[in-house]
């Protein structure tokens, strides 16, 4: 999939939103990518995730035996990437504020894992998911996302990162947000903090 095709799919599904948003990272932005609107269509989810894993070098891809993504946003992404790779898919959840594998999910010692996300901004959720994988005995081989909106600022502790699309989107700390300065109030469309 080309960058233009990914953006077109997000636009077609009403998933590329403009306004004043409070992101899961705590940053503010005038653009929000609501991946759930794209992932609600199985064909779109399958196409995006197959393209994600196709971007991982063959030698690395062959070593992946499990895909893990943080709930909520990456549950479907993990599943579809696992299906595209022919491996199982797990997800992490918050327990006492920390990402962990629950529901009886286990990783074999040293099992090769691909950690996935729908969107990365600071990479915080991805790093938390990676820590949960490591704590469970897995080996993080790489990370991937449908869209990296970090402008290259995401760092995954040396693990290679293979986003399908790099999309520079403006973000601000709350104190520096021009939309807040103009009297606007951000909306929080993401899933972090939901109970």
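Yeah, the Cβs are placed from backbone N, Cα and C, and that goes for glycine too.
Given the structure is predicted, the values throughout are model-derived calculations rather than measurements.
Sequence annotations record features per position, and here Swiss-Prot assigns 5-phospho-alpha-D-ribose 1-diphosphate binding site to 117, 118, 119, 120, 121, 122, 123, 124, 125. Other Cβ atoms within 10 Å of the Cβ of residue 125 (5-phospho-alpha-D-ribose 1-diphosphate binding site), summed over all protein chains shown, number 27.
The orotate binding site annotation in Swiss-Prot covers 121, 149. Listed in sequence order, 31, 33, 119, 120, 121, 167, 168, 169, 171 are the same-chain residues six or more apart from residue 149 (orotate binding site) with CB atoms under 8 A from its CB.
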- Item | 117, 118, 119, 120, 121, 122, 123, 124, 125 excluded, remaining Cβ within 8 Å of their centroid (5-phospho-alpha-D-ribose 1-diphosphate) | 24, 25, 126, 145, 150, 154
- Message: Can you tell me whether DSSP puts residue 125 (5-phospho-alpha-D-ribose 1-diphosphate binding site) in helix, strand or coil?
- Response: helix
- Going by DSSP, is residue 117 (5-phospho-alpha-D-ribose 1-diphosphate binding site) part of a helix, a strand, or coil? strand
